[in-house]
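Report on one structure; see the data block that follows.
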């Protein structure tokens, strides 16, 4: 550039080389590396470093950057080997273990030192001397545990410090005092404990403008975990609560099984929190010290890196004594914590404890076979849906049980497990809850709700926990007066608990004594000048308390009474306590009350002046009660004193936890001395009462019978018990005892009891006397009916289905009544009472279901419609099994009872005076099922009645024949309606009297005696009588005296009416039953064997009966003598006989299946047949009908021809040649009836064979051949159609009779017996000559 300011142009190529100039200088041979960077340091690189604040230009040759990272340096490099101008020294990711004093002396220009990610554990004081220009120091991710103020000496200009990731848990105060320029620090670690030891740091940081890094997070305690230290307040940094150590372990940590003579070392390490941290060793709770002779070597505590403390214990020669728990305990000023390990020392011959199952209130535990000396563990049963978040039920808790050296199980420890009973778990929750004045009343009301069901308590801990809560509430009575009433109610409810549970609770925790003691102290705690009187009433406890002045006291008489039961105005006082039932929630008028008057009036328990009330106990306190005050307690002005009275209905709460007579049954088998009267208490508080100059007079009413009465007072010293010292009996009557006592306290009369004391109307009390004879009559009638129908099964004309239903119904009604009378009051025995409740539950439901099933079957029969049978159509389906009825009427109650008992067997014992379901479970297990069964049954009754009514409306002429008297059968036009088909489509005669009117009988076996209307009326009567009996019986055991008597009488009426009706209807009024009874009696004379014959329904091939003469006796003479029978009293035409045959057609062959719906309505006439119980065999024979049809048809044609021939007297046929029923085709069972079958039914005339009649009661020739029991072929049907039509037009025919066995001709009866030889030879019957008679 010249003087004129000219500028030389720069070539473009030079401009491109300017940016590359620094790189070229570094790559030049003379400039690579910095001069003075020594070669001997392996892994170190040196480079120039641009000063901060310079954006361009060359590096300052005096500033050096040395990088020695990622190598294996065991210590920092010698500063003498580093360049003098080293500004940055990076030593990260090496293996440096410590920093010695003056490790960096000489690097005075060093500004940044990076020592992160090494294994530095010690930093000696003065390690950073000579680094006066150092501004950034990084010691993170090392193993530094000790940091003091000397550690950072020589760093006056340090601005940023990072010591995070080390192993220290706290910082000592003043550790940063040598860093005056420090602005940012990061010291977060995984062990950092933010407690009172770091409280100094927050104000120090504020005063020195120190910024704590946001990455400095607390690790302990757990409440401050992951919280930034900079965001905490000083008040949050405190050393309170449980001690939490970041490190605490014991080696070995698991149970060790060793042998005698082995060597076993222990090592315990924990966090070191300061000079007060110590480690101690314990064996089975006993402190251990070093003892070389015993083989115990205990080393001194060692401290590592100011962070850990370690102690070692060595057992050099293990003996049996070393078995048990070894404990390492860490003690600090803040608290103690410990770790345990179990050691089991085995002997040379070790035994085993056997496998065992233990069931208790904590669950079901199965302990396996365990080696002797070993402690076994079982996981507790957890309840994931429980609402009790208790530490004892936390997941992972276990029960433990030790097997001792002898191979015997020790008692287990189940305290960490939850209770299995819901009520016990809830009561345990109440015990754990903190109580204060703000929530005491609320908790008391909630607890009272649970004690209302105290009668169902099943665990002694229920009583223990309630007693503990009552004692806790006592401390708040002076602030909350309402607690008095709640506490008395809870104590009253607990008196309903089972006596054995009360005794167990007393033995476990003196629970009963605690309850009584709390009640005795209520008056002194609750009374004040503002509340000078308290009166509380409850079912079993009454309390009265007064605040009185001793100088104005003139005596006090108090009487405990209760309202007389409704309707017992004339009852004797002795009945009180015996008739009143134990009720969990009694009525208000049955509560105990006090009535007190001043002075000493003469009050008698027998003549209590309050209307409709009964006095139970009275006490008279003498006027000199306070005259014996000690001089120290007699100030010039007499103080106020508390006088309190209590009365307990019985002595249930007075239990001794010792082994004396207070335990049930301890005095001998069946007898013991127990409390036989109420217990009354009188006591003072706030003023001392010395020896009484006058005794206290007490009168008590007996509620239990016994002998040898004794006056006693309750002594709470020691185990507690009744003592007669100071009390004497004045007199004792059967109902009332009077006594004197020199003590203030609980007083009662003890007696030798013949049974355990029980509450009024208690367990085991009998029913009203009228119940027993009426129930006996009912059982006699029911079992007579059952036995009759079982022994005469084949001779009673009822269907198979009806037979099963009747027997089951009678049996279950008998079971209900018998169990009710015999066991409903047996509440003394828990298992028996539960069995009675289950049986009553089952039998009651089953009886109702059998009635419903019977109503359904009757409705099906009435609504049955006959199916139209086309030619070639298959026969109706076979009978359905009876098992379905048993599954409904017996299976459903069994399932309900099984589920109810499986859920909780105590659902069948409510501590009520009767054995039945608890109220709440009974709603779903009994009353709801009954509410479903009854409407369904009544609907079936209604539908059946409507079908009967519609039939009467459609057939007004037969309306008066629907409901018949017993033994009466439908005849006339009713027979015409059911006489449509005489023979079925397998080849039998289809003799149709009136086409379009006749329909076949329904495929159900009906009653051969009663019409459907009569059956329906009988079933409804039985149903409602049973309901009335059940309801009256239930009221008879649950009501009070007068309603109980009324209901007992009504029960007796209903039971007697039910039994008599069932027996009369099903046995006494049936001719077939009466005939079977007469058959059981021997004949009075030889002539008694000749019984008049009657027309019997004999089965055809298709199961339809026709009228024929029944055998007079099965013992008729086998000879073939001819005789003439006397003429019958009336004559019947063949048409009438045919009509009678069809009307009484049997439906046994149709089976027992349910009726199928069809298009036409069936006949309502009763269907009479000879042996309805063989219908299954007849039904099976249908399958062979086609194979034997031809043979059967030919035999019938022969019979027709022979019947018209005068030379064929052996065959019976009509004059027109029609064949009603061949003898060979009659059902074989028709000849096997009892003699009673030969009698005519009630209301039915005796019939004899008409001309052309082929009916016979003789057995067929070949009863075993199915071909002989088949219908005629359809060819035979065509051949005999015209003859049948002519026969139907006849009005009457003469009936020829024959005398058998020499009987005079023209007699009134005939003997139609045929010998078996004749039946086998000819298969026909003998008959007389035909007589002609005018025909219209």
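Glycine residues also receive a Cβ, built from the backbone N, Cα and C atoms like all the rest.
Annotated features, as they stand in Swiss-Prot:
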- 34-769: topological domain 'Extracellular' (TOPO_DOM)
- 133-154: repeat 'LRR 3' (REPEAT)
- 157-178: repeat 'LRR 4' (REPEAT)
- 190-241: domain 'LRRCT' (DOMAIN)
- 770-790: transmembrane segment (TRANSMEM)
- 791-805: topological domain 'Cytoplasmic' (TOPO_DOM)
- 806-826: transmembrane segment (TRANSMEM)
- 827-830: topological domain 'Extracellular' (TOPO_DOM)
- 831-851: transmembrane segment (TRANSMEM)
- 852-884: topological domain 'Cytoplasmic' (TOPO_DOM)
- 885-905: transmembrane segment (TRANSMEM)
- 906-922: topological domain 'Extracellular' (TOPO_DOM)
- 923-943: transmembrane segment (TRANSMEM)
- 944-1016: topological domain 'Cytoplasmic' (TOPO_DOM)
- 1017-1037: transmembrane segment (TRANSMEM)
- 1038-1044: topological domain 'Extracellular' (TOPO_DOM)
- 1045-1065: transmembrane segment (TRANSMEM)
- 1066-1336: topological domain 'Cytoplasmic' (TOPO_DOM)
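Across the candidate stretches 831-851, 923-943, 1017-1037, the maximum count of CB pairs under 8 A to the transmembrane segment (770-790) is reached by 1017-1037. Residues of the topological domain 'Cytoplasmic' (791-805) grouped by DSSP class, helix first, strand second and coil last, total 7 helix, 0 strand, 8 coil. Taken together, the residues of the domain 'LRRCT' (190-241) have an average pLDDT of 90. Summarised by DSSP class, the composition of the repeat 'LRR 4' (157-178) is 0 helix, 3 strand, 19 coil. Note: the repeat 'LRR 3' (133-154) comprises 4 helix, 3 strand, 15 coil (DSSP; helix = H, G, I, strand = E, B). Most Cβ pairs under 8 A with the transmembrane segment (1017-1037) among the ranges 806-826, 885-905, 923-943 are made by 806-826. Distant neighbours of the transmembrane segment (923-943): 841, 844-845, 848-849, 851-852, 855-856, 858-859, 863, 892, 896-897, 899-900, 907, 917, 1016, 1019-1020, 1023, 1027; these residues of the same chain sit at least 6 beyond its ends, with a Cβ under 8 Å from one of its Cβ atoms. Residue counts for the domain 'LRRCT' (190-241) under DSSP, split into helix (H, G, I), strand (E, B) and coil, are 19 helix, 6 strand, 27 coil. Across the topological domain 'Extracellular' (827-830), DSSP classifies residues as 1 helix, 0 strand, 3 coil.
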